[in-house]
């Protein structure tokens, strides 16, 4: 296919037009008084959102060169979202500001490579300043404040997330789902839960709720299928004498083995239940080992030369309470050794760092949470499906922001951390005038998010930026929600340092690539009216065959 090639100023101007189209659509959502964007869907109701990355993902431009610019900025939003989970609009605004200023300098005859080096120097310095000024999250009130800011000022969302984090710990899994009702509520599952239920409804001990509840329970972990209970008879007799209930977790319990367990349960001789082991393949082995460490038992594995005939009581795990429904099993208060559990968590964390697959990383993260804390589910409610989806976007953002705050600490919000970081560039010098111009570009661009937040609140951004530049107090800023100046930490206007850092890094990285672009290549659009495949343009002679 023939290609269309553009060079120099023409290429950069087309690209800048695409950047501006996307960034202008995204930046209206920034800040507590940011506006909504309505996105048309090919089926169903349109989607209403204030989530920057959701807006960016929907934008495709007709002109191929403009579209390339838009896609590059879309990449900024996506990368920031993947790494920090929030700050996508800030990243987009920063990228637009750096690209605009950078392309002006290139048009004025400056060397693009030196400009990029100057930009990189400035960004490194500002990031060091942001990380240096970050402070740890002190209490759940600050967690709630971070969540509230990220959820566009909705305090209830911030509170729900703070409650969930308090209950399951910083390592616990928090998932967000849509609720059928109007209320937004948080359910917490303590202990380890996995998605396998009882193998027979005859194991149920609470017929009203159709669940099996076993207190002070022994747990047998077997790696293979159980088809016959003959090898286990000595163990089962010992369990009956102990008077404790028994849960069997195996790859499967089938045929005669399951029938024997059910008959013994119904006769009242044995308090017992059986469930399949969670996961598949190697992940199943790993999860069985997790359960073993959590409950202080051993996995009966033929690879290790262990046979069911030789299993003794001290090889069984124990837990204070077990709840088994038809779909899931929850183990609460396992008798595992704390240092061993911590060592296992550290081992899985190491695997998370080394993993290259997002899916594997997510599954490993779930395993850490199940061992370390628990699982909380935030169920988002609303008056309509559109409202629920819009709120769910904001809850997701807020959740990611609070996690980021716990990891790297918090800084003043409202775009002020970037402006304060920019003050550290006062004495920074590059190797030549063009590098100094790159440093100046970053210094000016750092004010863009603050200006945009003010503009979206109906206030003059230049006036706000000027006041904050003049102040020596690093926490002094503009609260766009109440339109007053003061200590942003006291106002509860705070941002996670990780989100601010990631937004700036990703914006500068992509902006640097665009500034140093000299040529662009795209497919030429097909001429209108050309036959699609060349053959059989006229089917008129086949009319008589109808």
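Please read every residue number as a count from 1 along the shown chain.
The backbone N, Cα and C atoms fix where each Cβ goes, glycine too.
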* Recorded ATP site member, picked from 163, 473, 487, 495, that accompanies 29, 30, 31, 32, 50, 86, 87, 88, 89, 90, 414 in Swiss-Prot -> 495
* To do: Could you check which of 505-525, 526-546 is flagged in Swiss-Prot as region 'Disordered'?
  => 526-546
* Structure fact -> Cβ neighbour count (10 Å, all chains) around residue 31 (ATP binding site) is 27
* Structure fact -> Filtered by Cβ under 8 Å and at least 6 apart in sequence, the residues in the chain of residue 414 (ATP binding site) near it are 31, 450, 453, 477, 478, 479, 480, 488, 493, 495
* Taking the Cβ of residue 89 (ATP binding site) as the centre, how many other Cβ atoms fall within a 10 Å radius? -> 29
* Please state whether DSSP places residue 89 (ATP binding site) in a helix, a strand or coil. => helix
